[in-house]
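Worksheet: the structure to be examined is printed underneath.
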Amino acid sequence: MEMKVSSIGMSLRLERFFLSGRPLRTSSISTSSSQLFPRKCSVIARNLSGLEEFMQNKRLREKRPLKSKKKRLSLRKGQVSPPLIVPENIPRPPYVGMELPEVSGEIQVHNSEGIARMRDSCRLAAQVLEHAGTLVKPGVTTDEIDKAVHEMIINAGAYPSPLGYGGFPKSVCTSVNECMCHGIPDSRPLKDGDIINIDVTVYLNGYHGDTSKTFFCGDVDESAQRLVRVTEECMMKAISICKAGAGYKIIGQTISEHAEMHGFNVVEIFVGHGVGKVFHSEPLIYHRRNNRPGRMVEGQTFTIEPILTTGSTKEVMWDDGWTALTADGSLAAQFEHTILITRSGADILTKC
(Lines of atoms letter the chains of each structure in order from A; the text may use other names.)
(Lines give C-alpha, C1' and ligand atoms only; values in the text may rest on other atoms or scores of the structure.)
Protein backbone atom coordinates (compact mmCIF):
# COMPACT_ATOMS: atom_id res chain seq x y z
CA MET A 1 0.00 0.00 0.00
CA GLU A 2 1.37 3.39 -0.91
CA MET A 3 0.42 6.49 0.97
CA LYS A 4 1.34 10.02 0.00
CA VAL A 5 1.58 12.79 2.55
CA SER A 6 1.91 16.05 0.59
CA SER A 7 2.40 18.30 3.60
CA ILE A 8 5.90 17.03 4.14
CA GLY A 9 6.49 15.82 0.59
CA MET A 10 7.21 12.18 1.48
CA SER A 11 6.23 8.86 0.00
CA LEU A 12 5.73 5.89 2.41
CA ARG A 13 5.38 2.15 1.87
CA LEU A 14 3.66 1.20 5.07
CA GLU A 15 4.06 -2.52 4.59
CA ARG A 16 7.85 -2.10 4.74
CA PHE A 17 7.51 -0.23 8.01
CA PHE A 18 5.25 -2.88 9.53
CA LEU A 19 7.71 -5.61 8.59
CA SER A 20 11.00 -3.94 9.48
CA GLY A 21 10.31 -0.99 11.75
CA ARG A 22 13.09 0.99 10.06
CA PRO A 23 12.86 4.83 10.09
CA LEU A 24 10.91 6.40 7.26
CA ARG A 25 12.78 7.80 4.27
CA THR A 26 11.88 11.19 2.86
CA SER A 27 12.50 13.12 -0.31
CA SER A 28 12.63 16.87 -1.10
CA ILE A 29 12.38 17.95 2.53
CA SER A 30 12.53 21.66 3.31
CA THR A 31 14.73 23.01 6.11
CA SER A 32 11.74 23.71 8.35
CA SER A 33 10.40 20.28 7.74
CA SER A 34 13.72 18.61 8.46
CA GLN A 35 13.82 20.26 11.84
CA LEU A 36 10.41 18.86 12.78
CA PHE A 37 10.62 15.47 11.09
CA PRO A 38 13.02 13.68 13.45
CA ARG A 39 10.67 14.18 16.39
CA LYS A 40 7.64 13.07 14.33
CA CYS A 41 9.55 10.08 13.02
CA SER A 42 10.59 8.92 16.47
CA VAL A 43 6.99 9.17 17.76
CA ILE A 44 5.66 7.20 14.77
CA ALA A 45 8.45 4.64 15.09
CA ARG A 46 7.69 4.09 18.77
CA ASN A 47 3.97 3.71 18.06
CA LEU A 48 4.45 1.34 15.17
CA SER A 49 7.09 -0.76 16.93
CA GLY A 50 4.19 -2.17 18.96
CA LEU A 51 2.44 -3.13 15.73
CA GLU A 52 5.63 -4.77 14.53
CA GLU A 53 5.74 -6.88 17.69
CA PHE A 54 2.08 -7.77 17.23
CA MET A 55 2.68 -8.84 13.63
CA GLN A 56 5.73 -10.90 14.59
CA ASN A 57 3.75 -12.69 17.32
CA LYS A 58 0.91 -13.27 14.86
CA ARG A 59 3.31 -14.87 12.37
CA LEU A 60 4.73 -17.09 15.10
CA ARG A 61 1.23 -18.23 16.06
CA GLU A 62 0.40 -18.96 12.44
CA LYS A 63 3.49 -21.16 12.14
CA ARG A 64 2.44 -23.30 15.10
CA PRO A 65 0.54 -26.47 14.18
CA LEU A 66 -3.18 -25.98 14.70
CA LYS A 67 -4.96 -28.23 17.13
CA SER A 68 -7.14 -30.26 14.85
CA LYS A 69 -10.74 -30.73 15.91
CA LYS A 70 -11.41 -34.34 16.78
CA LYS A 71 -13.14 -36.02 13.89
CA ARG A 72 -16.00 -38.19 15.06
CA LEU A 73 -15.94 -41.61 13.46
CA SER A 74 -19.16 -43.22 12.32
CA LEU A 75 -20.70 -45.64 14.78
CA ARG A 76 -19.68 -49.25 14.22
CA LYS A 77 -21.14 -52.46 15.61
CA GLY A 78 -19.40 -54.26 18.40
CA GLN A 79 -19.86 -57.80 19.68
CA VAL A 80 -23.16 -58.42 21.47
CA SER A 81 -22.85 -60.76 24.44
CA PRO A 82 -25.63 -63.22 25.40
CA PRO A 83 -28.66 -61.94 27.33
CA LEU A 84 -28.23 -61.79 31.10
CA ILE A 85 -30.13 -64.08 33.45
CA VAL A 86 -33.06 -62.91 35.58
CA PRO A 87 -33.76 -64.99 38.72
CA GLU A 88 -36.87 -67.16 38.45
CA ASN A 89 -38.49 -65.54 41.50
CA ILE A 90 -38.75 -62.14 39.75
CA PRO A 91 -42.09 -61.73 37.92
CA ARG A 92 -41.85 -61.29 34.14
CA PRO A 93 -43.99 -59.00 31.99
CA PRO A 94 -46.44 -61.02 29.87
CA TYR A 95 -44.64 -60.24 26.59
CA VAL A 96 -41.42 -62.07 27.52
CA GLY A 97 -40.92 -65.02 25.17
CA MET A 98 -43.51 -63.72 22.70
CA GLU A 99 -43.31 -61.79 19.45
CA LEU A 100 -43.34 -58.00 19.48
CA PRO A 101 -46.66 -57.06 21.11
CA GLU A 102 -49.02 -54.51 19.62
CA VAL A 103 -49.51 -51.14 21.27
CA SER A 104 -52.52 -51.36 23.57
CA GLY A 105 -55.43 -49.16 22.53
CA GLU A 106 -56.40 -48.40 26.12
CA ILE A 107 -55.38 -45.21 27.92
CA GLN A 108 -53.94 -46.16 31.30
CA VAL A 109 -55.66 -44.28 34.12
CA HIS A 110 -54.75 -45.32 37.66
CA ASN A 111 -56.46 -45.40 41.02
CA SER A 112 -54.57 -44.47 44.19
CA GLU A 113 -52.96 -47.91 44.49
CA GLY A 114 -51.89 -47.87 40.85
CA ILE A 115 -50.40 -44.40 41.24
CA ALA A 116 -48.43 -45.55 44.29
CA ARG A 117 -47.04 -48.50 42.35
CA MET A 118 -46.20 -46.28 39.39
CA ARG A 119 -44.31 -43.99 41.73
CA ASP A 120 -42.29 -46.94 43.04
CA SER A 121 -41.36 -48.29 39.61
CA CYS A 122 -40.54 -44.85 38.23
CA ARG A 123 -38.42 -43.97 41.26
CA LEU A 124 -36.39 -47.15 40.79
CA ALA A 125 -35.95 -46.43 37.07
CA ALA A 126 -34.66 -42.93 37.90
CA GLN A 127 -32.20 -44.30 40.46
CA VAL A 128 -30.90 -46.89 38.01
CA LEU A 129 -30.49 -44.25 35.31
CA GLU A 130 -28.59 -41.97 37.68
CA HIS A 131 -26.22 -44.82 38.57
CA ALA A 132 -25.75 -45.73 34.90
CA GLY A 133 -24.77 -42.14 34.16
CA THR A 134 -21.88 -42.32 36.64
CA LEU A 135 -20.38 -45.13 34.55
CA VAL A 136 -20.13 -43.06 31.37
CA LYS A 137 -16.39 -42.59 30.83
CA PRO A 138 -13.98 -43.08 27.93
CA GLY A 139 -13.03 -46.76 27.63
CA VAL A 140 -16.19 -48.12 29.30
CA THR A 141 -18.24 -50.37 27.03
CA THR A 142 -21.99 -50.14 26.68
CA ASP A 143 -22.06 -53.85 27.55
CA GLU A 144 -20.55 -53.00 30.93
CA ILE A 145 -23.27 -50.40 31.45
CA ASP A 146 -25.89 -53.02 30.59
CA LYS A 147 -24.47 -55.43 33.18
CA ALA A 148 -24.48 -52.77 35.90
CA VAL A 149 -28.06 -51.73 35.07
CA HIS A 150 -29.21 -55.35 34.99
CA GLU A 151 -27.67 -56.13 38.37
CA MET A 152 -29.16 -53.05 40.06
CA ILE A 153 -32.64 -53.81 38.71
CA ILE A 154 -32.75 -57.48 39.70
CA ASN A 155 -31.25 -56.68 43.11
CA ALA A 156 -34.28 -54.46 43.66
CA GLY A 157 -36.58 -57.39 42.82
CA ALA A 158 -37.60 -55.86 39.48
CA TYR A 159 -37.38 -56.97 35.86
CA PRO A 160 -35.52 -54.97 33.16
CA SER A 161 -38.43 -54.25 30.79
CA PRO A 162 -36.45 -54.14 27.49
CA LEU A 163 -35.06 -57.66 27.98
CA GLY A 164 -37.05 -59.98 25.74
CA TYR A 165 -39.38 -57.25 24.46
CA GLY A 166 -39.94 -58.35 20.84
CA GLY A 167 -36.63 -60.20 21.05
CA PHE A 168 -34.54 -57.27 22.32
CA PRO A 169 -31.43 -58.98 23.74
CA LYS A 170 -30.35 -56.56 26.48
CA SER A 171 -31.59 -54.96 29.70
CA VAL A 172 -31.12 -51.33 28.65
CA CYS A 173 -30.87 -49.27 25.46
CA THR A 174 -27.62 -47.37 24.88
CA SER A 175 -27.70 -44.97 21.92
CA VAL A 176 -24.38 -43.31 21.05
CA ASN A 177 -23.80 -40.19 18.90
CA GLU A 178 -25.83 -40.57 15.66
CA CYS A 179 -27.95 -43.39 17.10
CA MET A 180 -31.44 -41.95 17.56
CA CYS A 181 -32.65 -44.68 19.91
CA HIS A 182 -32.82 -48.42 20.71
CA GLY A 183 -29.07 -48.99 20.55
CA ILE A 184 -28.09 -52.49 21.68
CA PRO A 185 -25.24 -52.56 24.24
CA ASP A 186 -22.11 -54.20 22.87
CA SER A 187 -18.32 -54.34 23.14
CA ARG A 188 -17.68 -50.86 21.68
CA PRO A 189 -15.84 -48.72 24.24
CA LEU A 190 -17.08 -45.18 24.69
CA LYS A 191 -14.73 -42.53 23.33
CA ASP A 192 -13.81 -39.09 24.59
CA GLY A 193 -16.33 -36.64 23.11
CA ASP A 194 -19.19 -39.15 22.67
CA ILE A 195 -22.72 -38.47 23.79
CA ILE A 196 -24.85 -41.41 24.90
CA ASN A 197 -28.53 -41.81 25.67
CA ILE A 198 -29.28 -44.45 28.28
CA ASP A 199 -32.91 -45.62 28.31
CA VAL A 200 -34.00 -47.49 31.43
CA THR A 201 -37.36 -49.17 32.01
CA VAL A 202 -38.12 -51.37 35.00
CA TYR A 203 -41.07 -53.65 35.74
CA LEU A 204 -41.81 -53.58 39.46
CA ASN A 205 -44.92 -54.91 41.20
CA GLY A 206 -46.74 -55.14 37.87
CA TYR A 207 -45.98 -51.59 36.65
CA HIS A 208 -43.40 -50.16 34.23
CA GLY A 209 -41.37 -47.01 34.95
CA ASP A 210 -39.65 -45.55 31.87
CA THR A 211 -36.98 -42.84 31.62
CA SER A 212 -33.89 -41.82 29.64
CA LYS A 213 -31.19 -39.17 29.56
CA THR A 214 -28.30 -38.20 27.28
CA PHE A 215 -24.92 -38.08 29.03
CA PHE A 216 -21.54 -36.59 28.09
CA CYS A 217 -18.50 -38.82 27.79
CA GLY A 218 -15.31 -36.89 28.57
CA ASP A 219 -14.68 -33.63 26.71
CA VAL A 220 -17.75 -33.01 24.53
CA ASP A 221 -17.68 -30.14 22.04
CA GLU A 222 -19.91 -27.11 22.42
CA SER A 223 -22.27 -27.93 19.54
CA ALA A 224 -23.07 -31.36 21.01
CA GLN A 225 -23.51 -29.86 24.47
CA ARG A 226 -25.97 -27.37 23.01
CA LEU A 227 -27.96 -30.11 21.27
CA VAL A 228 -28.24 -32.05 24.53
CA ARG A 229 -29.21 -28.98 26.54
CA VAL A 230 -31.93 -27.91 24.10
CA THR A 231 -33.35 -31.45 23.90
CA GLU A 232 -33.84 -31.54 27.66
CA GLU A 233 -35.36 -28.05 27.56
CA CYS A 234 -37.83 -29.23 24.91
CA MET A 235 -38.96 -32.09 27.12
CA MET A 236 -39.32 -29.91 30.21
CA LYS A 237 -41.23 -27.18 28.35
CA ALA A 238 -43.62 -29.81 27.01
CA ILE A 239 -44.19 -31.26 30.47
CA SER A 240 -44.88 -27.79 31.86
CA ILE A 241 -47.96 -27.31 29.67
CA CYS A 242 -49.52 -30.72 30.43
CA LYS A 243 -52.62 -30.98 32.63
CA ALA A 244 -56.06 -32.56 32.61
CA GLY A 245 -58.06 -31.28 29.64
CA ALA A 246 -55.06 -30.14 27.59
CA GLY A 247 -54.78 -31.46 24.04
CA TYR A 248 -51.98 -33.93 23.30
CA LYS A 249 -51.06 -31.96 20.18
CA ILE A 250 -49.70 -29.01 22.18
CA ILE A 251 -46.77 -31.22 23.20
CA GLY A 252 -45.49 -31.45 19.63
CA GLN A 253 -46.10 -27.77 19.01
CA THR A 254 -44.14 -26.75 22.11
CA ILE A 255 -41.21 -29.02 21.33
CA SER A 256 -41.05 -27.99 17.68
CA GLU A 257 -41.08 -24.28 18.46
CA HIS A 258 -38.23 -24.51 20.95
CA ALA A 259 -36.12 -26.84 18.81
CA GLU A 260 -36.51 -24.71 15.69
CA MET A 261 -35.64 -21.55 17.60
CA HIS A 262 -32.24 -23.12 18.31
CA GLY A 263 -31.73 -24.59 14.82
CA PHE A 264 -32.40 -28.25 15.63
CA ASN A 265 -34.76 -30.77 14.06
CA VAL A 266 -37.31 -33.01 15.76
CA VAL A 267 -37.63 -36.69 14.84
CA GLU A 268 -41.21 -37.64 14.01
CA ILE A 269 -41.16 -41.41 13.67
CA PHE A 270 -40.39 -42.24 17.33
CA VAL A 271 -43.10 -41.26 19.80
CA GLY A 272 -43.94 -41.19 23.47
CA HIS A 273 -46.63 -43.53 24.80
CA GLY A 274 -48.89 -44.50 27.60
CA VAL A 275 -47.15 -46.59 30.26
CA GLY A 276 -48.25 -48.45 33.38
CA LYS A 277 -49.33 -52.06 33.66
CA VAL A 278 -48.70 -52.19 29.91
CA PHE A 279 -45.29 -51.12 28.57
CA HIS A 280 -46.66 -49.31 25.48
CA SER A 281 -50.22 -48.07 25.06
CA GLU A 282 -52.27 -45.17 23.76
CA PRO A 283 -51.99 -42.24 23.72
CA LEU A 284 -49.12 -42.00 21.28
CA ILE A 285 -47.28 -38.73 21.96
CA TYR A 286 -46.04 -37.03 18.79
CA HIS A 287 -43.13 -34.68 19.35
CA ARG A 288 -43.50 -32.68 16.13
CA ARG A 289 -46.37 -30.40 15.15
CA ASN A 290 -49.51 -32.44 14.53
CA ASN A 291 -53.29 -32.30 14.63
CA ARG A 292 -53.87 -35.52 16.53
CA PRO A 293 -57.10 -35.51 18.55
CA GLY A 294 -57.48 -36.28 22.22
CA ARG A 295 -57.11 -34.61 25.61
CA MET A 296 -55.26 -35.51 28.76
CA VAL A 297 -57.10 -37.18 31.61
CA GLU A 298 -56.46 -36.86 35.32
CA GLY A 299 -54.73 -39.97 36.69
CA GLN A 300 -53.21 -41.16 33.41
CA THR A 301 -49.50 -41.78 32.85
CA PHE A 302 -47.48 -41.46 29.68
CA THR A 303 -43.98 -40.62 28.49
CA ILE A 304 -42.63 -37.57 26.70
CA GLU A 305 -39.35 -38.46 24.98
CA PRO A 306 -38.29 -36.11 22.15
CA ILE A 307 -35.32 -36.86 19.90
CA LEU A 308 -33.55 -33.88 18.34
CA THR A 309 -30.86 -33.96 15.66
CA THR A 310 -28.37 -31.53 14.17
CA GLY A 311 -29.27 -32.71 10.67
CA SER A 312 -31.53 -35.30 9.09
CA THR A 313 -34.56 -36.66 10.93
CA LYS A 314 -34.78 -39.68 8.65
CA GLU A 315 -33.55 -42.96 10.08
CA VAL A 316 -31.56 -45.92 8.79
CA MET A 317 -31.80 -49.22 10.59
CA TRP A 318 -29.09 -51.73 11.28
CA ASP A 319 -29.91 -55.31 10.41
CA ASP A 320 -30.48 -56.07 14.11
CA GLY A 321 -33.92 -54.52 13.60
CA TRP A 322 -33.54 -52.12 16.53
CA THR A 323 -30.62 -49.69 16.16
CA ALA A 324 -31.88 -46.52 14.41
CA LEU A 325 -29.29 -44.03 13.14
CA THR A 326 -29.68 -40.61 11.54
CA ALA A 327 -29.55 -41.02 7.76
CA ASP A 328 -26.77 -38.44 7.38
CA GLY A 329 -24.71 -39.41 10.44
CA SER A 330 -25.63 -36.23 12.34
CA LEU A 331 -25.78 -36.24 16.13
CA ALA A 332 -29.00 -37.11 17.96
CA ALA A 333 -30.01 -36.61 21.59
CA GLN A 334 -33.02 -37.77 23.60
CA PHE A 335 -34.56 -37.26 27.03
CA GLU A 336 -37.55 -39.01 28.57
CA HIS A 337 -39.75 -38.77 31.65
CA THR A 338 -42.86 -40.65 32.72
CA ILE A 339 -45.47 -38.17 33.92
CA LEU A 340 -48.74 -38.39 35.85
CA ILE A 341 -51.49 -36.02 34.72
CA THR A 342 -53.15 -34.08 37.52
CA ARG A 343 -55.97 -31.56 37.55
CA SER A 344 -53.59 -28.62 37.58
CA GLY A 345 -50.47 -29.92 35.86
CA ALA A 346 -48.16 -32.91 35.48
CA ASP A 347 -46.18 -34.76 38.13
CA ILE A 348 -42.80 -36.08 36.93
CA LEU A 349 -42.58 -39.61 38.35
CA THR A 350 -39.09 -40.50 37.08
CA LYS A 351 -37.19 -38.24 39.44
CA CYS A 352 -34.85 -39.46 42.14
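Here the Cβ of each residue, glycine as well, is placed from N, Cα and C on the backbone.
Caution: TrEMBL annotation is automatic and unverified by curators.
Predicted, not measured: the structure shown is a model, and the values here were computed from it.
TrEMBL annotations:
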BINDING   H182, H280  substrate binding site
BINDING   D199, D210, E336  divalent metal cation 1 binding site
BINDING   D210, H273, E305, E336  divalent metal cation 2 binding site
DOMAIN    117-342  domain 'Peptidase M24'
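Annotated divalent metal cation 1 site D199, D210, E336; additional same-chain residues within 8 Å of its Cβ mean position, judged by their own Cβ, are A125, C173, V200, T201, T211, S212, T303, E305, T338, T350. H273 (divalent metal cation 2 binding site) is 14 Å away from D199 (divalent metal cation 1 binding site) when you measure Cα to Cα. Sequence-ordered, the extra residues of this chain that approach the divalent metal cation 2 site, with Cβ no more than 8 Å from the Cβ center of D210, H273, E305, E336, are D199, T211, S212, G272, V275, F302, T303, I304, H337, T338. Of all the Cβ atoms in the protein chains shown, 21 others lie within 10 Å of the Cβ of H280 (substrate binding site). When Cβ neighbours within 10 Å are tallied across all protein chains shown, the highest count among the binding-site residues D199, D210, E305, E336 belongs to D210. The two recorded residues, E336 (divalent metal cation 1 binding site) and E305 (divalent metal cation 2 binding site), show a Cα separation of 4 Å. In the shown protein chains, 20 other C-beta atoms lie within 10 A of the C-beta of H182 (substrate binding site). Around H273 (divalent metal cation 2 binding site), taking its Cβ as the centre, 22 other Cβ atoms fall within 10 Å, counting all chains.
With respect to their backbone Cα atoms, H182 (substrate binding site) and D210 (divalent metal cation 1 binding site) stand 13 Å from each other.
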